[in-house]
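Novice: Would you mind keeping the following structure in view while I ask a few things?
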Protein chains: 2
Amino acid sequence: MAQLRIALAQVDTTVGDLAGNADLVSTWTKRAVADGAHLIAFGELTLTGYPPEDLVLRRSFVAASQRALVALARRLAEEGCGEIAVVVGYLDASAQPAPNVGRPAGEPQNAAAVLWGGEVVARYAKHHLPNYGVFDEFRYFVPGMAFPVLRLHGIDVGLTICEDLWQQGGPITVARRSGVGLVLCINGSPYEQGKSFQRDALCAERAREAAAALAYVNLVGGQDELVFDGDSLVVDAAGELVARAPVFSEALLITDLDLPAAGSGPARAVSGAVDAGAVDAGAVDAEDGTTMTVTRTVLAAEPLAPFAPLPPVVADRPEPAGELYTALVTATRDYIRKNGFSSVALGLSGGIDSALVATIAVDAIGADAVHTVALPSGYSSGHSVTDAAELARRQGTRHAVVPIEPIAAAFRAAAAALGGLHGLADENLQARVRGTLLMALSNQHGHLILTTGNKSELATGFSTLYGDSAGGYAPIKDVSKTRVWGLARWRNAAAEKRGEVPPIPEEIIVKAPSAELAPGQLDSDRLPDYGILDPVLDDYVSHDRGRAELIAAGHDPAVVDKVIRLVDLAEYKRRQNPPGPKVTSKAFGRDRRLPITSRWRENPPA
Amino acid sequence: MAQLRIALAQVDTTVGDLAGNADLVSTWTKRAVADGAHLIAFGELTLTGYPPEDLVLRRSFVAASQRALVALARRLAEEGCGEIAVVVGYLDASAQPAPNVGRPAGEPQNAAAVLWGGEVVARYAKHHLPNYGVFDEFRYFVPGMAFPVLRLHGIDVGLTICEDLWQQGGPITVARRSGVGLVLCINGSPYEQGKSFQRDALCAERAREAAAALAYVNLVGGQDELVFDGDSLVVDAAGELVARAPVFSEALLITDLDLPAAGSGPARAVSGAVDAGAVDAGAVDAEDGTTMTVTRTVLAAEPLAPFAPLPPVVADRPEPAGELYTALVTATRDYIRKNGFSSVALGLSGGIDSALVATIAVDAIGADAVHTVALPSGYSSGHSVTDAAELARRQGTRHAVVPIEPIAAAFRAAAAALGGLHGLADENLQARVRGTLLMALSNQHGHLILTTGNKSELATGFSTLYGDSAGGYAPIKDVSKTRVWGLARWRNAAAEKRGEVPPIPEEIIVKAPSAELAPGQLDSDRLPDYGILDPVLDDYVSHDRGRAELIAAGHDPAVVDKVIRLVDLAEYKRRQNPPGPKVTSKAFGRDRRLPITSRWRENPPA
């Protein structure tokens, strides 16, 4: 057996910020060195941030990532961190380009490198590429076919990246066959409710398959529409949990491992004399239809002198509602900060959605930076204005009241010449007047506008294009109405536990939901009860179940038909940027997918 | 040698309209039978329409496509079309599902079937899947590994689909090795300026590689952001053009071919006694790293009695400006029609962009269905209103004038309490008042709103979010300002050639471009001259060139820096639907990509 102290650095990178991300690596590596670690690993695509989307296809960006990696290796050594093995993710390009129509331009690779003694001593390119849900990696990367094994203080360590764990065969199979003692997996695995338990089971299963301990390090923080929860962990070769980092905060998870010494493993398929600095390569059937090449690099052949291990850290997991609430606060805070905003504004209707969004915003960036505006119309009830004011008072936001009736009247007068506005056209008008006022505040004062629509509304089209959907960030767009209430109650209860005043007035939580765009209007006039609607939406939107499957799953056929009709009609609203015919090789839009939150600039810094 | 009369049916399908698309197949097959054809082929994914995007991942949709195919085979026979071989595209699922994380749910395949005598007698699944630009086919499909060869009237015919031609190896290699006399390729190949010449060269090259004639049939018409130009063609085994269909119109291209009789080819790698109805299979190295299985189906073993061939049709190609203009008219007409609209409305500023869009709309659906509105502000010049009125008069649109000053004043009064509106905030306000008025007209009267922004404006962010960018369809969003002027001049010249009054007043073409949102404002205050700007945009946006490459290409460094800064800032505006954190397996938005134009309904028809 041989000992190793590993550090999993769960950090919050920013897409395109090569300099800032390198600084993060430097800062956390120094801490790991101070803590006596021998190996530190960072999340997927550490240097470029994740996901960089179509920036990957720009050669200048790939070249900048490659240069940043070499510079970082040198810098770490200069900073006294040359004797810790540093595993960072970066963007590379295949050294064997096979240019072909249909392969990504420049043959980029989603890579990991090992930095040691001022040099890049090993490189690995992700083998399994995810291409479902939010992942588009066949668009961006060519797969790697080599599996590097590092001998570090007498322990053989294999490298993998994220999706490599989620698919059968490939690097895990090769890890077993090459007899490594530790599999390191660097990840950019976005948060989803309940996904943490899936990851636990997966890591345990893959560790047993690899017959090796497995260290899993994930990113943390928000990046455009993704939010990473961290939740980094270590399991032993039997799949038992050894250590776990907290969720939604940066952390350094230090863990002492006692692992089989190199060459003593049960399944050492590729053997050979291994000396310091030598490389020994072999081709291994990866059991996924491909053959991978094992490359061996010796950093330090001999085990360390025995040392007293630290007790492992196992962070508690939050309860589900608290976890979700923290995800939303984290995502909102990072979106604001990473896009260079310092304040937000939102309309407060007196209803639950805007109340929750205001509370998230205050928890994210503080009440002083949150501007709330009540925008009552002639149809707004008295309690809408007073409940909004009470929420603003409890939380200390900067609050104003601007009646919209004079503006709506001016629109109605102008539209009279064209036949007037009635019914839905007049309802939408009110929402658009509000949206235009908020956008004017954004343009004048530089606030980011938060929209307040929830997933149930957006999915059923129960919102106004360019009205309540106008704004820069939508904190609860993936949260159903039922969960909105649950989060509000959880947040109030959390305050009460701390002896604080609940931030959300009870009146706002208990009132019947209404858009208040027509006299006496209630959501229930047009939509099924949210307790019935939300499960149907979940099955139809999230699970792509067809009508027959939905009914077989026990949903009321009348509700199913209504929901399907609403959702199918609402799909259009998703795309507020009007479509138009594409007539060049790349239109501005659809076939050009760049991250929103990105510090990458082609321009040299001014 | 053996003769065959083939019909390439270049038709305008609609995504999701399984019944309507089957009707198209029936209608055009009857015509081909009347014309004496022995084989008819339709475009890619004929039955489902192309591209069906995430509908492909819905099992109910795949099952509906599979059922529609079988029903269509039966129907064609019942309609007297049982003796013509009918090749249609459809959505299938792999019969050997290998479920795995990272493969599309249900293992769909982009397939072609041969219908004959009331039965589905052969099936082919696309082997090469495109995954670049607008194509996402790794997300949707698993590749096919079988290559069907049909013996039809003594000629061996091989089937391919679109991307199969664009990549090296695969079906074309197998076609050569299996000694087919004719390669049939069904396509959903979107229009791009100049692409037609690329296709010609590609078809010629692949025909020579396959040592076989090649018949290429493409879709025609608009589908969401794509527009298909048709341009179906036939080349002989030497790569020489034999026949060509017109662009941008439905057509049946009938061509008589005299081809090597089956078994007489030079490279018959897989041999064997072939009897009517027998199938002979063999594995062939496809020279792309895969092995494909050749399956042989005999429909009619013996050559036809000799018949007098018809002269081939070779349609003229339009000049480039006319081709582009027709692409825009076709795309606009189909978007309006396929989404169930019968009228459009747009704001007429008196400038060139809205003038061109109005002209496209009138050419697409007729002046009676086009509602133009002048929306002057206090900063609008007199000629803006009169030039717009003159354009409306010449074209006969339904025209109105609605001054926006009273509405803007009401907004300014309301915003005074919050610090007032100045500069850009006030400019954007005017654009949003116009957008809100147009959307009110849309809601009240059911018009589709056309936006009038061009690619140069959109790329540089020279437009207002929720203002001039508000609307349902953007006919010139992929057309640079320079080309906008070129198209206007071309359209006027085309009218003059026919002895008609030019639709666009010369004053509109020659005036200096201005947004007229502030006193005396001109585009040139903020942007480089369009003659300088547009080439830089083309290189940066369409070709993803970095700063150093742009300067090396000869662009002025100061302009390059300015353009890069504008474009990078403007990227955000592309996404008017605000991003928000994703916390479930599928959010409503990003990770759910459904077509806009689609007739597919989970609901049974009412």
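Note that Cβ sites are derived from N, Cα and C of the backbone, with glycine treated the same way.
As the structure is a computational prediction, the values presented were derived from the model and not from experiment.
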Novice: In TrEMBL, the ATP site includes A:GLY347, A:LEU348, A:SER349, A:GLY350, A:GLY351, A:ILE352, A:ASP353, A:SER354. Which of A:THR452, A:THR460, A:THR464 does it also list there?
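Specialist: Of the residues offered, the record points to A:THR452.
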Novice: With a CB cutoff of 8 A to chain B, go through the recorded positions A:GLU44, A:LYS126, A:TYR132, A:GLY351, A:ASN428, A:THR452 and name the hits, or write none.
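Specialist: The answer, in sequence order, is A:TYR132, A:ASN428.
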Novice: According to DSSP, which of helix, strand or coil covers A:GLY347 (ATP binding site)?
Specialist: strand
Novice: Do me a favour and check the Cα-Cα span between A:CYS162 (active site, nucleophile) and A:TYR132 (L-glutamine binding site); whole Å is fine.
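Specialist: Cα-Cα, rounded: 14 Å.
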Novice: Near the L-glutamine site, what residues other than A:TYR132, A:SER189, A:LYS195 in the same chain have a C-beta no further than 8 Å from the centroid of the listed C-beta atoms?
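Specialist: What remains near the Cβ centre is A:PRO130, A:GLY133, A:PHE135, A:TRP166, A:PRO190, A:GLU192, A:GLN198.
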Novice: Checking the binding-site residues A:TYR132, A:SER189, A:SER349, which are within 10 Å of A:GLU44 (active site, proton acceptor) at the Cα level?
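Specialist: Taking A:TYR132, A:SER189, A:SER349 one by one, the ones whose Cα falls within 10 Å of A:GLU44 (active site, proton acceptor) are A:SER189.
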Novice: Other residues with Cβ within 8 Å of the Cβ centroid of A:GLY347, A:LEU348, A:SER349, A:GLY350, A:GLY351, A:ILE352, A:ASP353, A:SER354, A:THR452 at the ATP site?
Specialist: A:ALA355, A:VAL357, A:ALA358, A:ALA388
Novice: A:GLY351 (ATP binding site): which of the recorded positions A:LYS126, A:ASN428, A:GLU457 is the nearest Cα neighbour?
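Specialist: Smallest Cα separation from A:GLY351 (ATP binding site) among A:LYS126, A:ASN428, A:GLU457: A:GLU457.
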Novice: C-alpha of A:ASP353 (ATP binding site) to C-alpha of A:SER189 (L-glutamine binding site): distance in Å?
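Specialist: Approximately 28 Å lies between the Cα of A:ASP353 (ATP binding site) and that of A:SER189 (L-glutamine binding site).
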Novice: According to DSSP, which of helix, strand or coil covers A:ASP353 (ATP binding site)?
Specialist: helix
Novice: What is the total of other Cβ atoms whose distance to the Cβ of A:LYS195 (L-glutamine binding site) is within 10 Å?
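Specialist: Result for A:LYS195 (L-glutamine binding site): 17 other Cβ atoms within 10 Å.
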Novice: Determine, to the nearest whole angstrom, how far the Cα atom of A:GLY347 (ATP binding site) is from the Cα atom of A:GLU457 (deamido-NAD(+) binding site).
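Specialist: Between the Cα atoms of A:GLY347 (ATP binding site) and A:GLU457 (deamido-NAD(+) binding site), the distance comes to 17 Å.
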Novice: Nearest to A:LYS195 (L-glutamine binding site) by Cα distance: which of the recorded positions A:LYS126, A:SER349, A:ASN428, A:GLU457 is it?
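Specialist: The smallest Cα gap between A:LYS195 (L-glutamine binding site) and any of the recorded positions is with A:LYS126.
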Novice: State, in Å as a whole number, the widest CA to CA span among the L-glutamine-binding residues A:TYR132, A:SER189, A:LYS195 given in the record.
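Specialist: Max span of the L-glutamine binding residues, Cα based, is 16 Å.
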